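Here's what TrEMBL has on this protein:
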type	residues	note
BINDING	H26, H74, D159, H163	Mn(2+) binding site
DOMAIN	2-81	domain 'Manganese/iron superoxide dismutase N-terminal'
DOMAIN	89-192	domain 'Manganese/iron superoxide dismutase C-terminal'
Amino acid sequence: MHQLPDLPYDYNALEPVISAEIMQIHHSKHHATYVANLNVVEEKLSDAVAKNDESAVIGLHGALKFNGGGHLNHSIFWQNLCPGGSGEPTGELADAIIRDFGSIQAMKDKLSASTVAVQGSGWGWLGYNKAGGKLEIATCANQDPLEATTGLVPLFGIDVWEHAYYLQYKNVRPDYVKAIYQIANWNDVAARLAAATAK
């Protein structure tokens, strides 16, 4: 059974970038619902497999992808953020960003532009291409998980579902995306890159 992960900080810890109200609803309502639904879907899937009901197995794919992706994406998102941010990327992460984008700011600009341009709900990602050995920017619709969708290992994600920002930023998504870097936990991103390159 999947469980809702505890946040590594209080709901108000990311203010003023993300309000306590948004964090409380986002974590305890939205993420919790993905977890609960994922558990239900996996139980139904197990039953369908046991009964050799291929039609039911196939029919559960969409719900598994949506709720499983929602759980995976948010579990990364919470760790990608920290109160006050961790400063700018350093070390091997900074070196990789500069190698693949020219500068840290150029990476942020490209990630921001791609993320703001997501139509409807979805995510913007900085990911690692294991085959190519480089960092890449990608977007995913809805709750589609990055690695299963693109093959990229997720390093840093920006949630642009309206529930992530609308209560505070209204329809001005670019302001929310720009502000998210103030609370970015690049230490977590660096650890994810180190794990991805060690495999």
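Cβ coordinates come from backbone N, Cα and C, glycine included.
A strand conformation is recorded for D159 (Mn(2+) binding site) in the three-state DSSP classification.
For D159 (Mn(2+) binding site), the same-chain residues 6+ apart in sequence whose C-beta sits under 8 angstroms from its C-beta are N73, H74, F77, W123. Secondary structure by DSSP for the domain 'Manganese/iron superoxide dismutase C-terminal' (89-192): 54 helix, 24 strand, 26 coil. Neighbour counts were taken as the number of other C-beta atoms within 10 angstroms of each residue's C-beta; across the binding-site residues H26, H74, H163, the minimum falls on H163. Apart from H26, H74, D159, H163, the Mn(2+) site neighbourhood in this chain, defined by C-beta within 8 angstroms of the site C-beta centre, holds H27, H30, H31, F77, W161, A164. When pLDDT is averaged over the domain 'Manganese/iron superoxide dismutase C-terminal' (89-192), the result is 98. Shown for the domain 'Manganese/iron superoxide dismutase N-terminal' (2-81): DSSP residue counts in helix, strand and coil, namely 57 helix, 1 strand, 22 coil.
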